[in-house]
């Protein structure tokens, strides 16, 4: 379950207006079939108290929040892929409100691979997100809802970080952010990221493979030349 909304309930919003009225100390109310009664222990009320019950409070905008969040990616440990896992360190800045309970996700350009619940306070917050997934071209970013950090970091290869990686099996880690499955556009983005990752991080391997392909074609043409007279020699 992922909570993304406001932490101030309608009751707290109503209580926030109590400074606009005069308050009195009374006992616990006694509710009868037709009356709501209580006693004034201080005897400061000379007349009576009028209680007005209405539905004029607007509860339509309770899901909206004035909180503003800015995200930046600090560091990453671990490896991409589904075996080792990674730990993404995010710096989250909260403004416009004093506290905010929400979720921060670790995503690349295609999809998200982990999420954690964060109780943010005003100012800078350091959040650690443990996730699994991605590929060599994944640049993991810190995201909140649809907003992500401007830069992403690339994790190490699984065979290089097998020992120091985050091979987590704890129940308090969230590896699913509740997003729908990866669709057609998502797979195109993943394929593009993977190709760019291969070209950027392993360009020497690609160059060697291309050179071996050209050398194999040349050796094949030299060692196994085409025989145009084969049909004439075996003509019945």
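The backbone N, Cα and C atoms fix where each Cβ goes, glycine too.
What you are looking at is a predicted structure, and each value in this text was computed from that prediction instead of being measured.
Per Swiss-Prot, the listed range annotated as transmembrane segment is 203-223 (candidates: 182-202, 203-223). A sphere of 10 angstroms centred on the C-beta of residue 97 (disulfide bond) encloses 17 other C-beta atoms.
For the disulfide-bonded residues shown (107, 142, 186), fewest C-beta neighbours within 10 angstroms: 186.
On the 0 to 100 pLDDT scale, the topological domain 'Cytoplasmic' (224-236) averages 61 in the predicted structure.
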